[in-house]
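Enquirer: The FAD binding site feature in TrEMBL is assigned to ALA11, GLU32, LEU40, VAL76, TRP361, GLY368, VAL369, ILE370. Per TrEMBL, the feature NADP(+) binding site maps to HIS147, GLY148, ASN149, VAL150, ARG191, ARG192, GLU203, GLY368. Among the features that TrEMBL reports, domain 'FAD/NAD(P)-binding' is placed at 2-158.
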Amino acid sequence: PRVCVVGSGPAGFYTAQHILKHHGGAQVDIYEKLPVPFGLVRFGVAPDHPEVKNVINTFAQTARSERCAYYGNVTVGRDVTVPELQQAYHAVVLSYGAEDNRVLGIPGENLPSVYSARAFVGWYNGLPENRDLKPDLSCETALILGHGNVALDIARILLSPLQLLRKTDITDSSLAALACSKVKRVWLVGRRGPLQVAFTIKELREMINLPGTRAVLDPADFTGLENAVKDAPRPRKRLTELMIKTALEKPREKPVEAQAAAPREWGLKFQRSPQEVLPTPDGKRARGVRMALTRLEGSGDSARAIPTGEVEELECGLVLSSIGYRSLPLDPAVPFDTQRGIIPNSSGRVEGVPGLYCSGWVKRGPTGVIITTMNDSFDTAQSVLEDLQGGVLDMSPSKEGFGAVESILSSRGVRPVSFSDWEKIDAAEVARGKAVGKPREKIVDPAEMLRLIGH
């Protein structure tokens, strides 16, 4: 059987890995729109979290299998359509993730100095489409809307001492911009309360221990929470206890010296929902955000934030919206639920289209960490294997996989990038990094990548 996977992030690679491992005869082709593989492992994971990127070694092993092929620089939906892939393959799995962000839907969100977390993360991680972002870091206070791990990542990158970042694979241009940054205070603002934050304890601890930076948490926000979390699941309990402990910690002796030692600060603000980004008098950038104060109805994860009618203004010159990623429809031939931003499916089988599957964020929405995506992708791969073995699919021998796609691509002037091409780009990045004491220096321009491999 010939199986095709669209997207080379964790969902795509884990799906391919599981199919190859449990079907001795399957051939899996992975298509990717960028020349370079690995999706959010390369472009989403924070540069100072290199250990999370170790999964790349597993993915590379999969890509080097003689029954697996990687075709980068191919945009499915434009260079080749999904129906054309269905003609060429016995099964097609869509694992292309979430390439857009949710919008706030408030006045002023399109002002300069207001950015989506997705674009900002893409900028410091070298995602080609965000390489020219040039965020304005000339203000002292930044406001991040959202209480997830991505929001903490951004706060950490904005406040990290440069000598820590210099040893990472953060891009050269973003390092230069951060070196000139005036930002020294970051507020992370959420609509709900401390019991609903979405970040994890590891990321919170890392932020609390960031050198040269102090946490500013208001003890009043945590009144009575010790009792409320007594019976909560252990991760939630430990996370809340750490916030309470941090909020109640007395500033160390000799506050003047301590202040001087920690010139930067960050804090969490709760139960505030953005109503409007307020412009400077010349309308050229943001000067603050008007917030509706909220009260919570219900408890735990299902608590809802209801505006109380009161508002307040928070001053800031940089606004980052970290309220979630969003998947987009890929091809008119594929059903898509625009409301939920997913492909309607059951265990990864796309509703009403036999032989078409999905895995990862486009299957279940943009939540969870790499391990969540792994389990989800194994689940989809299992559905593919069951259907291959259960005679549900059209197994006609005339489906010739990449052979058929190759002629379509060449007729449209598209030259795919192979995995060994990627390894040349990889080697060049590592060599450039080595010269400046970094693990790698990412190439951010696809044209330069293609020149490097002689395309």
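Numbering starts at 1 and runs along the chain as it is shown here.
Cβ atoms here come from the backbone N, Cα and C positions, even for glycine.
Whatever TrEMBL says is automated annotation, not expert-curated.
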Enquirer: Just to verify a number: CA distance, ASN149 (NADP(+) binding site) to ILE370 (FAD binding site), in angstrom, no decimals.
Expert: 13
Enquirer: Closest of the binding-site residues to TRP361 (FAD binding site), Cα to Cα, picking from HIS147, ARG191, ARG192, GLU203?
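Expert: Closest by Cα distance to TRP361 (FAD binding site) among the binding-site residues HIS147, ARG191, ARG192, GLU203: HIS147.
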Enquirer: List nothing but the one residue from ALA11, LEU40, VAL150, VAL369, ILE370 whose Cβ has the fewest other Cβ atoms within 10 Å; the candidates are the binding-site residues.
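Expert: Comparing Cβ neighbour counts within 10 Å for the binding-site residues ALA11, LEU40, VAL150, VAL369, ILE370 gives VAL369.
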Enquirer: Give the distance between the Cα atoms of ILE370 (FAD binding site) and VAL150 (NADP(+) binding site), rounded to the nearest whole Å.
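Expert: Cα to Cα, ILE370 (FAD binding site) and VAL150 (NADP(+) binding site) are separated by 14 Å.
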Enquirer: If we count other C-beta atoms within 10 Å, could you say which of the binding-site residues HIS147, ARG191, ARG192 has the fewest?
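Expert: If we count Cβ atoms within 10 Å for the binding-site residues HIS147, ARG191, ARG192, the smallest count is at ARG192.
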Enquirer: Cα-Cα separation of LEU40 (FAD binding site) and GLU203 (NADP(+) binding site), in Å?
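Expert: LEU40 (FAD binding site) to GLU203 (NADP(+) binding site), Cα-Cα distance: 18 Å.
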Enquirer: How many Å lie between the Cα of VAL150 (NADP(+) binding site) and the Cα of VAL76 (FAD binding site)?
Expert: 28
Enquirer: Out of GLU32, VAL76, GLY368, which of these binding-site residues is nearest HIS147 (NADP(+) binding site) by C-alpha distance?
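Expert: For HIS147 (NADP(+) binding site), the closest Cα among GLU32, VAL76, GLY368 is found at GLY368.
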Enquirer: Relative to the Cα of GLU203 (NADP(+) binding site), which of the binding-site residues ALA11, GLU32, VAL369 has the closest Cα?
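Expert: Looking at Cα distances from GLU203 (NADP(+) binding site), the smallest one goes to VAL369.
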Enquirer: Among the binding-site residues GLU32, GLU203, whose Cβ has the fewest other Cβ atoms within 10 Å?
Expert: GLU203
Enquirer: For the binding-site residues listed here (GLY148, GLY368), tell me which residue's CB has the most neighbouring CB atoms inside 10 Å.
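Expert: Highest number of other Cβ atoms within 10 Å: GLY148.
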